[in-house]
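Visitor: Below, the features straight out of Swiss-Prot:
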type     : residues : note
COMPBIAS : 1-12     : compositional bias 'Basic and acidic residues'
COMPBIAS : 291-303  : compositional bias 'Basic and acidic residues'
REGION   : 1-27     : region 'Disordered'
REGION   : 291-310  : region 'Disordered'
TOPO_DOM : 1-58     : topological domain 'Cytoplasmic'
TOPO_DOM : 82-90    : topological domain 'Periplasmic'
TOPO_DOM : 114-133  : topological domain 'Cytoplasmic'
TOPO_DOM : 157-186  : topological domain 'Periplasmic'
TOPO_DOM : 207-212  : topological domain 'Cytoplasmic'
TOPO_DOM : 233-251  : topological domain 'Periplasmic'
TOPO_DOM : 275-310  : topological domain 'Cytoplasmic'
TRANSMEM : 59-81    : transmembrane segment
TRANSMEM : 91-113   : transmembrane segment
TRANSMEM : 134-156  : transmembrane segment
TRANSMEM : 187-206  : transmembrane segment
TRANSMEM : 213-232  : transmembrane segment
TRANSMEM : 252-274  : transmembrane segment
Amino acid sequence: MDNDKIDQHSDEIEVESEEKERGKKIEIDEDRLPSRAMAIHEHIRQDGEKELERDAMALLWSAIAAGLSMGASLLAKGIFQVELEGVPGSFLLENLGYTFGFIIVIMARQQLFTENTVTAVLPVMQKPTMSNVGLLIRLWGVVLLGNILGTGIAAWAFEYMPIFNEETRDAFVKIGMDVMKNTPSEMFANAIISGWLIATMVWMFPAAGAAKIVVIILMTWLIALGDTTHIVVGSVEILYLVFNGTLHWSDFIWPFALPTLAGNICGGTFIFALMSHAQIRNDMSNKRKAEARQKAERAENIKKNYKNPA
């Protein structure tokens with residue numbers, strides 16, 4: 001009886017795909033696929049299916065942990081800003097601190113919303129059914145909620161726990177206020193760039209191997225150097241201003257959160273994921289044609305062997 005319940009629950013959160021309909025796994029072996037790009041696409045799509053099928057509470061706790069971890073970006077950048085004041089090239093080194101949170105989150109396999117703007121989207125693009133779209137909305141909603149909760153806890157701790165000196169706290173305020181200098185349209189435009197760069201980073205992971213951490217550092221450092229906006233890192237920075245009384249709660253929602261969230265989704269999903277999926281559509285068509293041809297040839301061989309037994 002219990003096993004039946006478990007099976008029913010698993011069926012409810014199963015991604016619909018052509019492979020599952022045929023009882024097969026996603027092919028990720030480059031030698032068996034038409035192109036290297038398709039091998040990367042299929043590898044990421046496989047990861048996306050796993051994320052879409054995860055239990056909601058597991059996703060939530062992982063997302064909260066990711067939000068807390070992203071506090072390391074504000075922490076490192078603030079400390080670097082104070083300690084490196086007056087040092088030549090300090091701007092480059094300060095922004096290197098921005099990468100710390102991403103390194104922790106990605107290497108620890110925690111749930112980051114902007115990663116899922118490409119990873120979890122590919123299975124839906126492959127088979128855009130209402131069930132798959134529902135799973136994507138569920139994943140995005142749970143992970144975004146968890147990330148915001150985690151960043152809120154981190155920001156609260158930075159403000160109210162006796163951890164940092166006044167110089168570091170002032171640096172946190174300056175970092176947050178630099179973000180708030182952007183207009184809503186600038187928030188949106190900058191977020192498109194950061195969403196696109198995060199999606200590019202995710203696309204590079206399958207080929208990165210042991211150099212994955214280098215890819216994380218380079219891509220997220222570039223996000224920081226470009227003063228782009230990111231919904232999760234920015235939430236730590238802006239919520240810190242809310243908790244110390246510099247900003248009202250409404251300022252977090254607008255002009256920051258809504259334009260930034262829309263920009264990240266646009267950059268990661270509507271630009272990068274669509275383009276990446278489009279480039280391998282013909283490869284997928286050719287793969288299906290090759291499979292159909294092989295199936296027909298096998299059937300023909302079986303028929304010949306049946307007519308002409310040895």
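Note: Cβ is positioned from N, Cα and C throughout, glycine not excepted.
Can you tell me where each of these features sits in the structure?
Guide: For the topological domain 'Periplasmic' (82-90), the list of distant contacts is 167-168, 171: same-chain residues at least six beyond its ends, Cβ to Cβ under 8 Å.
Break the topological domain 'Cytoplasmic' (114-133) down by DSSP state and the numbers are 14 helix, 0 strand, 6 coil.
Counting residues per DSSP class in helix, strand and coil order gives 22 helix, 0 strand, 8 coil for the topological domain 'Periplasmic' (157-186).
When pLDDT is averaged over the topological domain 'Cytoplasmic' (207-212), the result is 93.
For the topological domain 'Periplasmic' (233-251), the residues of the chain that approach it from at least six positions outside its boundaries are 67, 70-71, 73-74, 98, 101, 147-148, 151-152, 154-156, 158-160, 169, 172-173, 175-177, 179-180, 257, 260, judged by C-beta separation under 8 angstroms.
Remote same-chain partners of the transmembrane segment (59-81), defined as residues 6 or more beyond its termini with a Cβ less than 8 Å from a stretch Cβ, comprise 51, 90, 93-102, 104-105, 108-113, 139, 142-155, 157-158, 164, 168, 171-172, 174-175, 224, 232-233, 235-237, 240.
The list of residues near the transmembrane segment (91-113) in space but at least 6 beyond its ends in sequence, with Cβ under 8 angstroms from a Cβ of it, reads 51, 59, 62-63, 65-66, 69-81, 84, 140, 143-144, 146-147, 212-213, 216-217, 220-221, 223-225, 231-233, 236, 264.
Here the transmembrane segment (134-156) has Cβ contacts under 8 Å with residues 13, 15, 51-54, 56, 59-71, 74, 111-113, 116, 120-121, 124, 231-232, 235-237, 239-240, 242-243, 261 of the same chain, all six or more residues outside its ends.
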